[in-house]
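**Q** Here it is, the structure in full.
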Amino acid sequence: MWKQIQKRLQSPDSFVSLILGVAVVLVVGTLIYNYFTNRAGQTAKEQEQQKQGQISLPTTHTVAQGETLWMIAEKYYGSGYNWSDVAGANNLSSADDIEVGQTLTIPVATPMITQTETQAPTPTMGAIGSTATETPAATAKTYTVVRGDSLWNIAVAQYGDGYKWVEIAKANNLANPNLIHAGNVFVLP
């Protein structure tokens, strides 16, 4: 049997095929090895970066000059809407009840709103000569803002709970909940 293999290997075509086959196996083996070792390294690096960015909660925070509960919540949760969690944990009746140097407890909470990228709708052409149909009015409860209103006051008036302002802001996609104007119409969730 060994002599038959030697005879076949003596032909130049067989020898070239053998060398190419071994080379392909080595290249594929190297690629597979590198792929899996790099994936494990990337995963470890990503986890390390996340750990560096995370602050273990619960913790405390000392209020600095110019800070608001909104800014503090953004720092710890990535969402200013969680200011109500901080206020609740510290028995604050209003966001304005903090002072420079005050130590606040930052509780464990899940971020209420995370930054997500939304896709813009694509316009479509309607049929020429089609008749317009009226859509039925929305059944959701609405509130029209009057001069002097704040989301807190609206939440207290509508729900009896000022902390529900977060839900109103979320339902209306408000970028800055401190900036509302008389005449705005809000959907009340």
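Glycine too: its Cβ is placed from the backbone N, Cα and C atoms.
According to TrEMBL, the record shows the following:
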type	residues	note
TRANSMEM	15-36	transmembrane segment
DOMAIN	59-106	domain 'LysM'
DOMAIN	141-188	domain 'LysM'
**Q** Kindly state the mean pLDDT of the domain 'LysM' (141-188) in the predicted structure.
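**A** PLDDT averaged over the stretch: 90.
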**Q** Quick check on the domain 'LysM' (141-188): DSSP residue counts for helix, strand, coil, in that order please.
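**A** For that range the per-state counts are 19 helix, 8 strand, 21 coil.
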**Q** In the domain 'LysM' (59-106), how many residues does DSSP assign to helix, to strand and to coil?
**A** 19 helix, 8 strand, 21 coil
